Each structure stands twice: as C-alpha cells, then as structure tokens.
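Report on one structure; see the data block that follows.
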Amino acid sequence: MGNFKIHSKFKPTGDQPKAIETILKSIKKGNEFQTLLGVTGSGKTFTMANIIEKLQRPTLILAHNKTLAAQLCSEFKEFFPENIVEYFVSYYDYYQPEAYVPQTDTFIEKDASINDEIDKLRHSATSALFERRDVIIVASVSCIYGLGNPDEYKKLTISLRKGMQKERDEIIKKLIEIQYERNDIDFSRGTFRVRGDLLDIIPSSTSSKGIRIEFFGDEIDRIREFDVLTGTILGERNHVLIFPASHFATSKETVERSLGEIENELENRLRELNSQEKLLEAQRLRQRTNFDIEMIREMGYCSGIENYSRILDGRAPGTPPKTLIDYFPEDFLLFIDESHVTLPQVRAMYAGDRSRKNTLVDYGFRLPCAYDNRPLKFEEFEKKINQVMFVSATPAQYELEHSQSIAEQVIRPTGLLDPEIIIKPVKGQIDDLYTEIQETISRGYRILITTLTKRMAEDLTKYMIELGVKATYMHSDIDTIERMKIIRDLRLGEYDVLVGINLLREGLDIPEVALVAILDADKEGFLRSETSLIQTIGRAARNSESKVIMYADNITKSMKKAISETERRRKIQTEYNEEHGIIPQTINKEVRDLIEATKVAEESTEYGIEATKSLTKKEVKKLIKEYTEEMMLAAKNLQFERAAQLRDEIEELKGKE
C-alpha cells in the first residue's frame with residue numbers, strides 16, 4: 001500500500017497554486033462544501049490531483065456520463081501510475097427495465113446486455129477499497145444506484161493464507177456460496193476448476209490472472225498467481241482475498257432469514273389486493289413471487305434479486321439503499337466534475353425510477369419492497385457526503401450557496417486567453433458564416449456551429465455540403481460511439497465543420513477549433529442561458545487564434561452576462577501574460593479521443609475494410625483473430641471507442657469469410 005504520488009513533468013502554475021491552497025485550507029478546516037471555479041483548459045484535473053496527493057484520502061470522482069468518466073480515469077491513471085485508479089459505471093451495454101403499460105396490458109420483461117469488461121472493473125473498484133487507501137474511483141452517476149451491502153460483501157470474502165488448515169471441499173462450498181461457478185473447460189472470470197490437490201480460481205476483479213491453491217492434505221501448502229492465458233507462474237503469495245462474484249451475493253443465514261420476510265410481505269400484499277378485488281393482480285403476484293422464492297431457496301439468487309435487496313439487507317421500508325459510497329471509509333473525499341450538469345442528474349434519478357415502480361407494484365408484478373431498490377434521493381446523497389469539491393466553469397446556484405470556499409482558476413498554464421466575442425446581425429447570418437468558415441479552413445482550422453433545433457442542424461449541414469464544405473452534424477439521436485467517431489474525424493480533417501445543438505458544451509476539447517459560431521444567440525432559453533453560452537464559448541478556448549461569433553439582433557441578459565464574464569477573464573489573463581512574458585500557445589494535445597488514449601488526430605484508423613477486399617479467406621481469418629485480440633486489449637485499457645470500431649470491422653470481415 002503506497003501513498004498518493006503524482007508523476008508529471010508539470011508543476012502547478014498560474015492560478016493553480018492559489019486554488020490548491022484555498023481548497024486545502026477549507027477542507028482541513030472541516031468545511032463540507034467547496035467549489036473550484038475553473039475556466040476551460042485551466043488544468044482543473046491537475047488541481048484535483050494535487051489536492052488528492054496533499055490530503056492522502058480515498059477519493060470518489062463523479063462525472064455525468066461514461067465518456068467523461070473514462071476521460072478522467074485515463075488522466076488520473078497518468079498522474080498516479082503507482083496508485084489504484086478505478087472506473088465504475090453502469091455495466092449495461094443495453095438495458096430495458098421491466099415495465100408495465102396498463103393501457104395496452106403490455107408487460108415488458110427486463111432485458112439487458114451486461115458488459116463483462118465493465119463488470120470486472122466494478123468488482124476491481126470495490127475490492128480495492130477493502131484492500132488499500134490509495135484508491136481513486138472515477139464513476140458515473142449510476143454509482144448512486146443500490147449495490148450489495150458492503151458489510152455482507154466483506155463478510156463473504158474468503159481469506160486464504162499459506163499454512164492454513166482448510167479442507168479443499170470446504171473452500172469449494174464457500175466459492176459456490178459467493179456465486180463462483182465450477183467450470184473445468186471454459187475457465188474464465190468468476191469461475192474455478194479442480195485438478196487433484198490444485199484449486200484454480202479466477203477472481204471477479206480480473207480476467208488475466210488466476211490464483212492457484214495447492215493443498216497438502218487439509219493444509220494450504222502454497223498459493224501462487226498465474227497467467228490465465230499462458231499458465232505461467234507470476235509469483236508466490238502468502239495471503240489472498242477472494243471477493244464475491246456478485247455484489248448481491250448473500251450468506252445462507254441471510255437468505256433463510258429473508259425468505260420468511262418475503263413470504264410475510266407477500267401475504268400482507270395479497271390481503272391488500274384481494275380486499276380491493278384485484279384478483280388478477282393478486283394471482284400474478286403470488287405466482288411470480290413464489291417462483292423467485294423457490295429460485296432463491298435452491299440457488300441462492302434469482303433474476304431480479306435486487307428487488308428484494310431491502311429485505312436481504314435487513315433495512316426498514318423507505319431507508320436508503322447501500323451504494324458505492326458506502327464502500328468508502330468515512331473520511332473519503334468527493335469531487336463532482338461539471339457539477340452544474342451532474343447534480344441535476346443526481347436530483348432527477350429517484351423520480352424517474354419511482355414512477356416506473358408504481359405501475360409494477362400496483363398491477364401485481366412486484367412486491368412493495370421493490371420501491372427500495374432505487375437510486376438515492378438527493379437529500380440522502382447529501383447526507384452520505386463527507387467533504388466535497390464541486391468542479392465547474394459555470395457552477396450553479398446550489399454550489400455557490402452551499403460552498404464555504406470558492407477558488408477561482410482563470411489563468412491557463414498555456415497562456416491561452418478566453419476567445420474574442422464578435423456580435424453580428426441575424427440577417428444574412430448564413431452567408432456571413434460561410435465566408436468565416438472559408439477563412440478559418442484556409443488557416444487549417446476547424447469550426448463548431450451551434451443551432452437551436454435538430455432540424456436546423458441537419459438543414460444547415462446539408463446546405464454547407466452543397467456549397468462544398470466538409471460538414472457533419474451531431475445531436476441527441478446520435479449514440480456515444482458514433483459521437484466519438486465524428487469527433488475523431490473532425491480532428492483528422494475528414495470534416496472541417498461540426499454542427500450541433502447543446503451537445504457542443506462540456507467535454508469537447510478540440511484544439512483544432514478556431515471558430516465557434518452561435519446562431520440565434522438572442523433567443524432566450526435553456527440553450528442560450530448564461531451557463532450554456534459560457535460553456536459554448538469555452539469550446540474556442542483551446543486555440544490561440546480562436547474567436548466566437550454570436551449572431552443576434554438584440555443583446556439579451558444572458559448574452560450580456562456571458563460576454564461580461566468572458567471579458568473579465570480575458571483582462572485577468574492578458575495582465576498575467578504581460579506580467580510574466582507569456583505568449584499564448586495553442587494546446588498541443590496528445591490526442592485522446594474523449595475516452596482513454598485512443599490516439600486520434602495523429603493517426604487515422606490502423607486498419608480499413610477497403611484494404612481487405614483483395615484478401616484470401618485464410619488471410620481474412622487471420623485478420624479476424626488479430627482484430628479480436630486487439631479489441632480485447634483496447635477494452636481492457638478502457639479504449640472503448642477503438643474496441644467498438646474493431647468489433648464493427650470484425651463483423652464486416654465475417655461477412656467476407
């Protein structure tokens with residue numbers, strides 16, 4: 001177990017030292033809330049890393065989507081190579097929760113596709129928290145959903161030591177109890193195999209390393225770690241902890257106690273439904289719940305066992321579920337990145353879940369205890385916070401009102417200024433925009449255009465293409481993987497212009513962009529609020545030659561505030577640069593895609609389907625094998641966009657076999 005130690009050729013500069021000192025002082029005073037108000041490109045992540053290093057506490061970093069969580073995880077892994085940095089997001093590639101539509105009498109069964117790689121990372125995250133303190137977990141908002149009870153999880157962990165008196169069969173029984181499966185043929189994560197006096201286990205938190213227990217009679221003679229693929233022995237271990245294969249694993253005693261309580265709740269609910277003459281609902285509930293009870297009794301779990309988690313945990317009705325936060329020690333540190341977006345997400349989670357559960361309970365598909373398999377309410381989330389730092393370029397009212405300390409980070413280490421803002425009339429905006437686009441392209445840069453509607457984005461893109469501009473659009477109908485591809489292609493120069501709506505705000509760091517155009521900037525509303533405008537302006541803050549054009553006939557209150565704030569920052573930045581002799585430099589970004597180190601703008605796709613047209617069947621098979629290996633490696637390194645791209649290419653190649 002080590003201490004947090006940053007590895008970086010950079011030292012805090014500009015506003016960073018002062019911001020670090022201000023936040024540290026506030027946290028050490030015992031203040032619960034603090035805010036880092038940092039402009040785009042000011043090195044907020046590096047400031048966070050320095051605070052973690054100084055405080056030496058287990059840390060949870062909350063991001064508002066998987067993509068930004070992966071980006072942050074990648075950056076913190078680079079800052080802390082000697083420490084544990086984990087990634088905890090929803091493990092569903094696809095998720096359709098169970099639901100009932102009374103109007104059409106349609107019940108939709110739960111349907112989900114679980115990403116095994118992400119499930120492994122989730123187990124790796126929770127097990128790390130039980131083993132050491134130098135742990136950073138970067139999570140999406142899904143971490144406020146119910147997870148298994150950490151006390152039960154810890155209690156079920158199997159501790160094995162060299163020289164321990166332990167029968168082999170006793171360990172096997174315990175492994176089955178914590179949901180490991182015996183499989184002597186397809187040996188994979190969460191399974192074990194037995195060969196004479198050898199017991200091989202692949203823990204739930206890894207797929208590449210196994211644990212070999214060697215017995216001499218009833219004594220553990222040797223514990224060794226081995227490579228699952230090659231069988232090579234990697235080293236000797238004196239002690240090993242085997243964590244449960246599921247976060248919802250429960251002991252036999254807990255299961256036996258819980259079954260009686262589930263049966264009691266069923267009887268009470270059936271009486272209630274029968275008294276309301278809901279006979280069909282009562283019959284349905286009896287049938288479904290009895291099936292679950294039998295499955296739990298025989299197998300120790302059932303499909304949808306999380307709906308009984310309140311009873312399994314021994315919690316009172318209405319009490320908050322156990323979540324990832326409960327796996328942290330009490331003195332943990334919480335960072336909420338892009339807090340102006342993340343906190344509203346946390347607030348909205350509970351209401352959406354409750355409305356769906358109401359229908360399921362009312363119509364006899366679930367017992368009322370299903371209500372307590374839910375995300376945290378916002379006030380419950382607040383109570384679980386120890387000390388938190390909100391991180392945003394545009395903190396909302398909640399952050400500003402609650403924070404006992406606010407540190408501002410306006411100076412960028414690169415000396416870059418906030419962009420110049422030009423206001424132009426709406427009349428003739430498209431023709432003027434075309435002229436600006438041509439001028440920007442001639443300098444080798446890219447353009448972002450933000451519109452108010454999806455239709456306008458599509459029409460404008462179509463018009464630009466007709467004029468010979470390499471343009472594309474991006475809006476909410478485009479999934480994450482396609483979004484990554486579009487951004488990569490923009491950076492590679494496949495496109496010069498990207499048109500979008502509100503997706504052009506947080507997390508789009510493209511140094512090649514030298515022009516951001518905001519159409520209909522004077523139309524008040526969510527997409528043209530002060531916060532939205534400042535975030536959109538920030539997209540141009542990565543290039544020393546960039547500017548922002550607002551097309552508007554009137555200057556709205558939001559525009560005035562956004563322009564005033566940008567000018568204030570420019571003044572501070574200019575004075576600092578003049579005082580220290582700094583010349584603004586465009587960010588030379590070692591390009592990661594929005595997720596971990598998928599080298600984008602410096603190299604186009606290593607392989608292309610076009611190049612495979614002349615291959616023989618044997619060569620195609622060989623290429624599929626190579627792609628598959630690379631895809632697994634990319635997924636392991638959190639390069640999910642690259643993995644998805646390879647997956648698509650494998651599918652196309654299979655069509656050529």
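Backbone N, Cα and C define each Cβ position, glycine as well.
What Swiss-Prot lists as domain 'Helicase ATP-binding' is 25-182. What Swiss-Prot records for G38, V39, T40, G41, S42, G43, K44, T45 is ATP binding site, and it gives sequence analysis as the kind of evidence. The motif 'Beta-hairpin' annotation in Swiss-Prot covers 91-114. Among the features that Swiss-Prot reports, domain 'Helicase C-terminal' is placed at 429-595, with the record citing sequence analysis. Per Swiss-Prot, the feature domain 'UVR' maps to 621-656; the stated evidence is sequence analysis.
Under the DSSP three-state reduction, T40 (ATP binding site) is assigned to coil, being neither helix nor strand. Within 10 Å of its Cβ, the residue among the binding-site residues G38, G41, S42, G43 with the fewest other Cβ atoms is G41. Here the binding-site residues are T40, T45; the one with the fewest Cβ atoms within 10 Å of its Cβ is T45. Cβ atoms within 8 Å of the centroid of the Cβ atoms of G38, V39, T40, G41, S42, G43, K44, T45 (the ATP site) belong to the same-chain residues T47, A393, Q409, R412, site residues excluded. When the binding-site residues V39, K44 are compared by the number of other C-beta atoms lying within 10 angstroms of their own C-beta, K44 comes out lowest.
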